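According to TrEMBL, the protein carries these features:
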ACT_SITE  His544  active site, proton donor
ACT_SITE  His588  active site, proton acceptor
BINDING   Thr58, Ser59, Thr134, Val267  FAD binding site
DOMAIN    128-151  domain 'Glucose-methanol-choline oxidoreductase N-terminal'
DOMAIN    304-318  domain 'Glucose-methanol-choline oxidoreductase N-terminal'
SIGNAL    1-20  signal peptide
Amino acid sequence: MRLWLSSLLLSMCSLHCCSGQLLVDFLRDFETSLLNTRIPDTTRFLPEYDFIIVGAGTSGCVLANRLSEISSASVLLLEVGDQETFISDVPLTAALTQMTRYNWGYKTEPTAHACQGLKEGVCNWPKGRGVGGTSLINFMLYTRGHRRDYDDWAAANNSGWSYDEVLPYFKKSERIGIPELYKSPYHGRNGPLDVQYTDYKSQLLKGFLKSGQELGYNITDPNGEHLMGFGRSQATIRNGRRCSASKAFIQPVVQRKNLHISMKSWVTKLIIDPLTKAVDRVEFVKQRRRFVVRASKEVILSAGTIASPQLLMLSGVGPSAHLQEHNITVLQDLQVGYNLQDHITLNGLVFVVNDSTVNDARLLNPTDIFRYIFVGQGPYTIPGGAEAFAFVRTPSSSHAKDYPDMELVLGAGSLSGDRFGTMRNLLGITDEFYETMFGDLQHRETFGLVPVLLRPKSRGRISLRSRNPFHWPRMEPNFMEHPDDIQAMIEGIEMILQLARSKPLVKLGTHFHDRPFPGCEHLTFASESYWRCCLRRYGSSLQHQSGTCKMGPSTDSSAVVDAALRVHGIQKLRVVDASVMPNVPAGHTNAIVIMIAEKASDMIKNTWRMRTS
């Protein structure tokens, strides 16, 4: 029944909700009328818990599951959003999900080298709001990065974080559903998180993989021994549906008596004793009431790369000069909010092809809808429309020969097929851009190829806008501020064009839609200056923000947490989310955050000598 309602919702939205606001209103009403509460919402609190987890995103869900395995420990999980409903279930329509209340809808400050041609001249930063966090709205792709990423963490005096030491934690959470990988030493079979291929395989996918081989790359398991190469998308899906962190880690354990989950609870401050420098209590607002709850052992901050540094700074932990600007008493001077990193991309590289592709209009056909409803198969199962990816090394890269610095993502369709505007709304693409570029392509078969910069050298910052905890912080991405990032992106685009000229794709009639991007028409098409213009105007984020509470030893002046993820100089406080990454790995961050939370759970258990019952 839930699958039927999901597909019915999608078709109704596509048919009737052509404007973004109408679609949002429709979804809100539909969700409200069919809401089925599955997670008990705590409204009466104990005066004290052993562990308080702030944020029920991906990391918070893992921590709540693993710490509540200790039957003698009491655990409180606080989340500002609420539980997921079936609206997020359908993998293909991830962009649609990001138009719901499950998305914070963040927008950055204007930045000099990206997003200038998008709506309002800023970057959209969709971030999850609900039990499951960004795993409710992301594109579900599951990649872990390169072993060198973690070996570099360990080499920077972060003991315990080498690849060989973190691999068991990747495997612990995973339930691989790909038969040919069952015996792989790099995959887990018994974890709660399903990782699968979609059943759908287009001719375009076959051409893409053959093209990779023609260019000298292997077909690989990106989560196996070698990251470099071409492969099908592995994704967190379960029988054709999204497998969020909530489904994997929370829903199976909601009846544990020692786990309390409080939704619609906005944490406003961590209360730190100024003498002992220990976190004493957590303050939050729920149903317009202020609550203060004590943590006897630890508070674990898992609010994400944007909200975790914001909460630390509001609580007196951060750069002293910045806190003093906002009249916040400085309890610990740390470089909170710096070291912001993200994977950069460029959308709009569209290719016309003589083969069927995925677009809004085609998905209204009854065959695909009913195939998805009854057997969970077909194009609706493609994770965010990303059918495959390649990990490659750009010609100018200074990294090791086996280390890719660029990802090329194959879309089963393209931006030109986004007739109803859900993808445009997600990316911030204007209607004028769409009509200029793709207005005459709506009845053509097209697909997209997207370059993703995996090892950015540019760094941004999260800082406070005010002392008001209900105000967004300032988000300064500084995308492509470093010239090497721009050069790598240009080379990534050129690699895409080379790939499109390979025999297997040419055999499918592939040719590049070489219409100049608006605002860059005055430049020689496909020149370096032209691509620089395109990147400045339309380059944006893949939503892998990380690094703002950097892990490192106390001798590292830029570090916020140590190798055990404890905040330097503050007692009883850890940060466990994407913000602790010293450098963002060459992978999609959801899988990496799950690993971090799995490892952190064991570190916390070992600290308190508490074992699973």
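Keep in mind that glycine also has a Cβ here, set from the backbone N, Cα and C atoms.
All TrEMBL annotations are machine predictions without curation.
Predicted, not measured: the structure shown is a model, and the values here were computed from it.
In this structure the alpha carbons, written CA, of Thr58 (FAD binding site) and the residue listed as 'active site, proton acceptor' are 13 Å apart. Working note on the active-site residues His544, His588: by count of other C-beta atoms within 10 Å of each C-beta, His588 ranks first. Neighbour density at the Cβ, taken as the number of other Cβ atoms within 10 Å, is lowest among the binding-site residues Thr58, Ser59, Thr134 for Thr134. Counted over all residue pairs in Thr58, Ser59, Thr134, Val267, the record's binders of FAD, the longest Cα to Cα distance measures 18 angstrom. Within 10 Å of His588 (active site, proton acceptor), as judged by C-alpha distances, no binding-site residues are found among Ser59, Thr134, Val267. For the domain 'Glucose-methanol-choline oxidoreductase N-terminal' (304-318), the DSSP counts in helix, strand and coil order read 11 helix, 2 strand, 2 coil.
Straight-line distance linking the Cα atoms of Ser59 (FAD binding site) and His544 (active site, proton donor), rounded to a whole number, equals 14 Å.
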